[in-house]
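Asks: Marked as region 'Disordered' by Swiss-Prot: 78-109, 125-168. Residues or ranges marked as compositional bias 'Basic and acidic residues' by Swiss-Prot: 95-109. What Swiss-Prot records for SER180 is phosphoserine. According to Swiss-Prot, the feature 3',5'-cyclic AMP 1 binding site maps to 220-335.
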Amino acid sequence: MSNPQQQFISDELSQLQKEIISKNPQDVLQFCANYFNTKLQAQRSELWSQQAKAEAAGIDLFPSVDHVNVNSSGVSIVNDRQPSFKSPFGVNDPHSNHDEDPHAKDTKTDTAAAAVGGGIFKSNFDVKKSASNPPTKEVDPDDPSKPSSSSQPNQQSASASSKTPSSKIPVAFNANRRTSVSAEALNPAKLKLDSWKPPVNNLSITEEETLANNLKNNFLFKQLDANSKKTVIAALQQKSFAKDTVIIQQGDEGDFFYIIETGTVDFYVNDAKVSSSSEGSSFGELALMYNSPRAATAVAATDVVCWALDRLTFRRILLEGTFNKRLMYEDFLKDIEVLKSLSDHARSKLADALSTEMYHKGDKIVTEGEQGENFYLIESGNCQVYNEKLGNIKQLTKGDYFGELALIKDLPRQATVEALDNVIVATLGKSGFQRLLGPVVEVLKEQDPTKSQDPTAGH
């Protein structure tokens, strides 16, 4: 049976060789250094994440170890281990005595199980013992001010059993097997105070219109206001990739979001092709939104031209756009009479759920007879309400609303609403209308225009 440590080294070197063949770096030494630094960073990040979870659970992930013995093979063996948890095989009563574990092995006759090395998951848990000394403060292994056992010269022969100081040895512990993604913390209130400016690229009118159309239905940019969308489009950079070029690599950190202008891109997960995308499609959004590795490898199936948006610009524009939209809508909603019964918290949730739509003079916002799916609040501009039976009914302006009747009673639109000039409306879908408006729905029912002589006011 091969040595586990040797097998681990062999696997790592094999993986490194595959990476070198795949990416063909010019500077092999630097590539190898970056490769192992990235692996080390990921391992340490996971280790300290587990430590934080353990502390939150009241568990000492780094129990103190006074001495280690060295066996005849030169392997350090921990004596007097002080585990931070008790045997899972004992009585279920959490207050019972767990000191005796009938399944525990004699460490004197099974020293190999207690060997420490080759990673945090290869140490003996010694679950039969419970901690007798209080845990001491954790030590950062990277702190140069702290002594390390690795820096002590080996002054004893391999056959001697001597005691040497040892740094704290982490207990293998998985506080929570479920993993999650996260994003860097950015404080939107401080964004206005720094000097950061988004990049601006000189695009032709045709290019701007094409990119705006491509972004129109993208779920990340759909909620941005007009100014934020213009900022995104102006910041896009054109990148060209030859056929068979790896655009993004599965497992790498996300750096760019891409929109395909021309060509075809194939996507692979674990070397298996899963899909393809072509002109007008986009990819790479999630790795920019969240601090998580790329979920797939993207390879240019043909010569490809893409528009790319870098991570910092992506995060800043989205965050600022969302933050500014919330502030604007919260102020706007406070002035609408029918919404004054909402609490500040409910108003904030409603502000986050609203979407902005723009219409030009003559555009029909809703049409008589159509099925209603949205509720509308007029932010600016003027609208005319009319139907075939009564003709012009009334005009609506800033702060007015329409479309509620079709959602409350699940009826077709009772009238057409047309923009008299440039109009900006905030829209709320049917599910959000029922979920977020709460007591306001009852008020709207009381104001049901079908109860009056004007059956079209609710549209």
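A Cβ is built for glycine as well, from the same backbone N, Cα and C atoms used for every other residue.
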Asks: Could you work out which of the binding-site residues (ALA235, VAL265) has its C-beta surrounded by the smallest number of other C-beta atoms within 10 A?
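Replies: Fewest other Cβ atoms within 10 Å, among the binding-site residues ALA235, VAL265, is found for ALA235.
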Asks: Validating a neighbour-count step here. Other CB atoms within 10 A of the CB of GLY280 (3',5'-cyclic AMP 1 binding site): how many?
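Replies: Other Cβ atoms within 10 Å of GLY280 (3',5'-cyclic AMP 1 binding site): 14.
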Asks: With H, G and I counted as helix, E and B as strand and the rest as coil, say where DSSP puts GLY280 (3',5'-cyclic AMP 1 binding site).
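Replies: Looking at the DSSP assignment, GLY280 (3',5'-cyclic AMP 1 binding site) belongs to neither helix nor strand, so coil.
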Asks: Inside 10 Å of the Cβ of LEU220 (3',5'-cyclic AMP 1 binding site), count up the other Cβ atoms and send me the figure.
Replies: 16
Asks: When you measure from the Cβ of ALA295 (3',5'-cyclic AMP 1 binding site), how many other Cβ atoms are you left with inside 10 Å?
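Replies: The answer is 16.
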Asks: Counting all other Cβ atoms within 10 Å across every protein chain shown, which of the binding-site residues GLN250, ASP310, LYS325 scores highest?
Replies: LYS325
